[in-house]
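Notes follow the structure.
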Amino acid sequence: MRIIKNIDEMRAYSQKKKNHGKTIGFIPTMGCLHDGHLSLVQAAKKQADIVVVSIFVNPIQFGPGEDFKRYPKNLSNDKRLLNNFDIDVLFLPDTKKMFPQGFKTYLEVEEFSRKMCGRSRPNHFRGVTTIVAKLFCLVCPDFAFFGQKDFQQQLIIKTMVRDMDFPVEVVALPTVREFDGLAMSSRNRYLKPKERELATVLYKALCLAKEEIENGEKDLRKILIRMRSLIGTVPSIRLDYVVIADPETLEEVKAIKGKLLVALSGSIGKARLIDNLIVQAK
Ligand code: AMP
């Protein structure tokens, strides 16, 4: 596994591989890797000749008072995990090189960036699209792999790729969960043991909605009330949102029909957690 820190070296590496007819699979991450990230690496290994993983805690996707400064880091363990997968490049760009003084250019997918997580994190998604666009320019991937755990993010990236004609195929892969259903997340490390136990109520609320919808429940309000009251049994959870939305537009639906995105976000202790399920109505 080659470690590249220099952005010119990264670009030169990718261009050389492409000149030799190789395809590049890319997984952008913020590190502190877990099995969710590694499922993306595994898929990239199957699909592309060359696999590049980046680790970069992107300052511009964090708002004031969020966890940028204390975002969990464990580079030596990340390297060990990636070595097991025999990837080609670990790209570790330098923050000052990525955002030099005077940086002024942002890319934003309108509308989608304002819904769901965008309501309480107003500049979050433009930070994500800006960094991903920049990484795409440096890594030049043929395929880029994202997790459905961040459903809104993968939809926004797909939209950006379509609108900007980036020559990249975005591949979205299923959420990897802990044994009790909690979606794997680097932020789960913030949870104290009791909080970790209680956090599973978020997934339970999603499963409740899935079960009701699949059993033919058509009363949207009732489903949302039942989800909220289940989450309400854990008073330490500060719920941000619960939505049942159209997975293509993120627009909250008015009726239970077709394919639905059931998504939520809540904080417990120091961790803001998100999760979702795609459900097919009867
Ligand atoms: P992050 O390091 O949190 O920015 O995540 C990097 C990539 O890994 C994103 O595409 C995430 O959606 C994906 N990812 C994070 N957690 C999971 C998970 N539990 N299952 C699948 N993919 C995940």
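First residue shown is number 1, and so on along the chain.
Cβ atoms here come from the backbone N, Cα and C positions, even for glycine.
Per TrEMBL, the features are:
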BINDING   30-37, 147-150, V176, 184-187  ATP binding site
ACT_SITE  H37  active site, proton donor
BINDING   Q61  beta-alanine binding site
BINDING   Q61, Q153  (R)-pantoate binding site
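Overlay of TrEMBL feature records on the structure.
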residue	record	Cβ contacts under 8 Å, 6 or more apart
M30	ATP binding site	I55, F56, V57, N58, Y71, S186
L33	ATP binding site	I55, N74, N77, D78, L81, L82, S186
G36	ATP binding site	G147, K149, T175, V176, A183, M184, S185
H37	active site, proton donor	I27, T29, V53, G147
Q61	beta-alanine binding site	N123, H124, F125, G127, V128, I131
Q148	ATP binding site	Q154, A172, L173, P174, T175, N276, I278
Q153	(R)-pantoate binding site	F125, V128, F146
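Counting every protein chain shown, 20 other Cβ atoms lie within 10 Å of the Cβ of S186 (ATP binding site). Secondary structure from DSSP puts G36 (ATP binding site) in a helix. Other C-beta atoms found within 10 angstroms of the C-beta of V176 (ATP binding site) number 18, with every protein chain shown included. Proximity of the recorded positions (L33, H37, Q61, V176) to ligand 1: a Cβ under 6 Å from the molecule is found for H37, V176. According to DSSP, Q61 (beta-alanine binding site) sits within a helical segment.
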